[in-house]
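Now, the feature entries from TrEMBL:
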DOMAIN    403-450  domain 'HAMP'
DOMAIN    497-625  domain 'Guanylate cyclase'
TRANSMEM  6-28  transmembrane segment
TRANSMEM  40-58  transmembrane segment
TRANSMEM  70-90  transmembrane segment
TRANSMEM  102-119  transmembrane segment
TRANSMEM  134-159  transmembrane segment
TRANSMEM  186-206  transmembrane segment
TRANSMEM  212-234  transmembrane segment
TRANSMEM  246-268  transmembrane segment
TRANSMEM  377-396  transmembrane segment
Amino acid sequence: MQLFYLTPFSLSVLNVAIMLTLLTAYLWRIPGKLPATRQLLTFLSGVNVVFVAFFYIFSSLDLDGVRIAWWALHFVVFFILFLIQFAYHYPKLHFPKEARRVFIVSLIVSVLVYLFYLYHTTLLEPIYDPSGGLFVYLGTHEISVLVGLELLWAMSLFVRQIRALRREGEGDALQRESHIAAIRKIFLILLSPIVLVALIILAYLDLASWEIVGHLLGTGLMIFVLLFTVVYLNNALEPSSLQIKMVGLSLGAILVVLGFSSAITMNLHKESYLSLKKVEIERSGSEIVASRFEALPEEISFIAREGELIYQASGFDAELSGESGAWEGAWRFRKLEPLEPQSYFITRSLTLDGASYEVGYSYHGYRAHLHEMAEQLLYIVIGAVLFAVIAFPLFFRVSLFIPLQRLLGGVDRMEQGSLDVDLPVGVHDEIGVLTKSFNTMVGSVREGREQLRAAYDQQIDLTDAYSRFVPKEIITTLNKQSILELGLGDNIKQEMTVLFSDIRSFTTISESMSPEQIFRFINRYLEEVGPIVRKHGGYIDKYIGDAVMALFPGGPDDALATAIEMQSQVRDFNQRRAESEEGYVEVRIGVGIHTGELMLGTIGEHQRMEGTVISDAVNLASRIEGLTKAYNAPILISNATYTKLASPAQFNIRHLDRVKVKGKTEWVEIVEVLDGEEEIRRAHKLANRDEFDKAVETFQARRFKEALEQFNTLKQRDEIDVAVDVYIERCQQFIEQGIPENWDGAIQL
């Protein structure tokens, strides 16, 4: 005899099992699962096992199989442990000590509950409950209440923890909004279990039908699991999928509708079966009274009159004893001896000719009748699930998923800097509008980038143009990014080396030139020396006629190298002019260099301002350049510059003189850089340098006659050394006129 029949309850829990299977499969496919997701996967897998056990319990009349199913079913208490632990791991671990205590208490309670139920299901016989169509054991209701309380406790912990979802680091407004959103999610998730718990309580109080609870159990749990999982996936850190959400929600809606439809259909099918049997009994009344049992329908298993069996179907051998109780309206459920599943019957009483009769039908026949309809509904459920899992993705693939993937690909390309994106518009719904908007946005960004690039290029050109009037180095030194950022009064104090150069006898040179020729000559000369300044890390602060003032932030070595190369370049310039111009006048320049603190900034007024340098160092550099004419020296530097050279040994110098420039009371020692001379002149000065230094020391020691003899000796060796002539003249003056009062060895210029 068949012992497995589908029932409305088994179909209901089967819907939940199908949903859990699909959710488990999706979670299993997520790469790099975090601990919380792995726990959720374990939980759903375990709950799925429980609902498979429920499906077997609601469908089977096999005592041994049902007992094993109950053993597996009550492992649910261990999955309650997961709920508690999951509450402390979502979104991250909180209160580890409290979580540990909760885990220990829950473990002890769960183990005791399971051991208690394992004892009952192993040693005690089950009781068949026809109202639910399943075997139950002593203590089932009490254990269910205990498990329910533990579940509610776990949910309360979960609710408390989910309130803290993303709370840290948020402002007050965002924090309140997050709390409101969390409360909405919690209410949405817990709505179905709250309704189920309320209905179960009402059923225990006999205020609601267990049949209603049974019909709603699977649907409510399915909604709970689906919403719980979807809310988790929306808040999980792993990448989720719109496809699984749409398919899951669609499948959930289909299963909910099919669940209610199945419950209604099965209930109507049951009512039609019982109504048919009622009519069948009433029509067979005369045959029953006349004991013409051969004319009775084959489905009738037995007939009893006044409590005594008067008819038994073929193969039926039992005594009219056992329990009998109310079942469906006038129908009752009877268990005959022996108490086996084959001895379960549904009966209906009637009165004929003043006698009381009881007509019994095999419970297996009733279950088989329901099984036929449930089997058809099962095929419908499976077909609907396959349709949702296979047909929905195929349907939405072209109209939704592929356009979304194209949009995501376009976004990725934009993030990588590519704006050559023009996505095809394959549909004309909201996704199509979004795709068109994306293409429009990309086009606007592309056009904006081109405009920005053009504006940037224009700004660069403008900055380059401005830099011809205001050096870019001044902007950089003032810590500005653009000339547009310069403001009146911006300034900075910094040590720099100042270089002044001037064309000697420029007035004489320009007398024979027209104004146009003068400007052309000056510009040609400046084209020769300007690049040299920039080559060595300096920049030209200003042009003063034929003079050049340059600044060197890097140090005096750069300025000195510039001066030496400028002298060499001017000699090449003269040679080229000699080859191409008739009656050309040789150009000679003097270079003065000094190092010191200076203030660099902007002066003027709002309609006209310029960058300038304010410092005694600038004036002193200019004065030193002027001394190059007096000593006929190409390059003169201050001793302050010489002492700050990083590599003084690479330059050939001689200490020239002590001078007091106009407006200053302290003397300055000037040093001649011989590397700026032509090769022959440099060789003569280097050969006499030691004797020159000794003669200068004798002069500074006020031994003027001895110094005069030394300088005359130098004059015989090098007749054109102007510095020697200057010292000879001074010695003669001091010998004839005496030493000035308070003379400190310096000459006032």
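We count from 1, first residue shown onward.
Here the Cβ of each residue, glycine as well, is placed from N, Cα and C on the backbone.
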Residues in the domain 'Guanylate cyclase' (497-625) grouped by DSSP into helix, strand and remaining coil: 61 helix, 43 strand, 25 coil
Model confidence over the domain 'HAMP' (403-450) (mean pLDDT, whole number): 76
Residues of the parent chain within Cβ reach of the transmembrane segment (246-268), under 8 Å, 6 or more residues beyond its termini: 7-8, 11-12, 15, 18-19, 22-23, 26, 215, 218-219, 222-223, 226, 229-230, 370, 373-374, 377, 380-381, 384-385, 387-389, 392-393, 396, 400
Helix, strand and coil counts within the domain 'HAMP' (403-450) (DSSP): 34 helix, 0 strand, 14 coil
